[in-house]
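Taken straight from TrEMBL:
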- 1-22: signal peptide (SIGNAL)
- 13-179: domain 'Reelin' (DOMAIN)
- 218-331: domain 'DOMON' (DOMAIN)
- 336-535: domain 'Cytochrome b561' (DOMAIN)
- 376-396: transmembrane segment (TRANSMEM)
- 417-436: transmembrane segment (TRANSMEM)
- 448-467: transmembrane segment (TRANSMEM)
- 479-501: transmembrane segment (TRANSMEM)
- 513-532: transmembrane segment (TRANSMEM)
- 571-591: transmembrane segment (TRANSMEM)
């Protein structure tokens, strides 16, 4: 659930100061591992700045000049890393060239192993000197995070590699702009797609869509197979960026044990991470995974690995002999391996499962049940009850004026029953997202604002109807106009709100089907309305006879005229109701499948 207001304020305060710009004085030790500012948003993909060195070789004890330059920037953070293991701690120490604009920091156990800014004053270049330690790795890469403005920053801009003499140069470094992820264990390659043949028999499987083939281009697949004291894990899906799954004790992100397979320059890097609230995953410096393999072909990203059921030596790794909710997410990644927030809701199991227990073959849902209920109730209210109630009130007064139900005209009772049902359904549906989120959602765009407007109009409409003047009262015409305009405004806003809500991550109905289906419903309703309007106009024209001689207008009995069109209206209403039900069932099926 969302944190209370005070906790959110504290969290935001910490975030603002646990970053390169958030610390105007450059004290950014919290960023030693990730080098990612806690600014929100995503790093820029194409660096404007460069980090250069004055040589390509070094020996222990040598000084290497490191020069960061480019357009004006406010903050920076520089480290040296083992070029073969970029997730390893910083190596070596630095000496400053300008103490007014730069300062030394200690990352990990190595003193003076990083350099940062001293203030937010704009600067175009920074020069420092790196001292190679006695136990220096064979290849060293310098990484720089640069902050131009609070929301504009680049992460882990790489320098040329410097190497010790008589050591073969490594493969050119990845264009790193973000958290570099790798496994230190040897990696092999998967020769073919995974198989679901053992699902529910020898291994625990999660598939989306249910019972899909892992080799198909639309199947997300995750399996766990216990082998002694370890579990072999397979994960695949249609993604060109990354796939990730997490074990969680609840259905909310935060405090979770996560595993990521990320496409970095057409190679898959597998790593473990810890999820802290809704922030970027915190990657582990030590990898607890073995037998890592991967494959990237035919639009599918596949990876497999093994981990122990219990890993007491690794902080943050959950025991696999306990029940958890399981999340499965996919998304885009930059060229340097930085993963971006998933555009749609992760697949979440409907309950707690023990992956080392009884083998099962299950699915999951990308939409929480409360959000599904919210969408379903709104569709029932605004596709069926409101629409039918409006048609009945507008066109069936003459048709049902002589039929009564509980002492009132039939059309009025049907209209009132449908509208009261709409109020009840909308009120229940309106509360559900607040229960799910624990408060207001800042990530839903205009949808919640328009939803509140619809809810207000929905409540106001029956309250206004309770003060309806008598049929022949002077203010009845004014009331009719207000009643019609309020109802029409509510219906228009409701349709717009549903259009926006269908593509929100928490529901995200299939595109572009959902848009076409909603457009089809609007056209269906407007078409029926226009057809009945033309029919009523024709009836009135037929009922009027003008005698030219006396200039006297004689009206035939409207009752008999309406009788001629009664059968037509009833047929149209029947077809309209059936059409609305078809649209409703289609939307409900789509909601159930997400």
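Cβ from N, Cα, C; glycine included.
TrEMBL labels come from automatic prediction, so no person has curated them.
Most Cβ pairs under 8 A with the transmembrane segment (417-436) among the ranges 376-396, 479-501, 513-532, 571-591 are made by 376-396. Helix, strand and coil counts from DSSP across the domain 'DOMON' (218-331) read 0 helix, 68 strand, 46 coil. The listed stretches are 376-396, 479-501, 571-591; of these, 571-591 has the most Cβ pairs under 8 Å to the transmembrane segment (513-532). Residues 375, 378-379, 382, 386-387, 390, 445-447, 450-451, 453-454, 457-458, 460-461, 464-465, 467-469, 507, 515, 518, 522 of the same chain lie 6+ residues outside the transmembrane segment (479-501) yet bring a C-beta within less than 8 angstroms of a C-beta in it.
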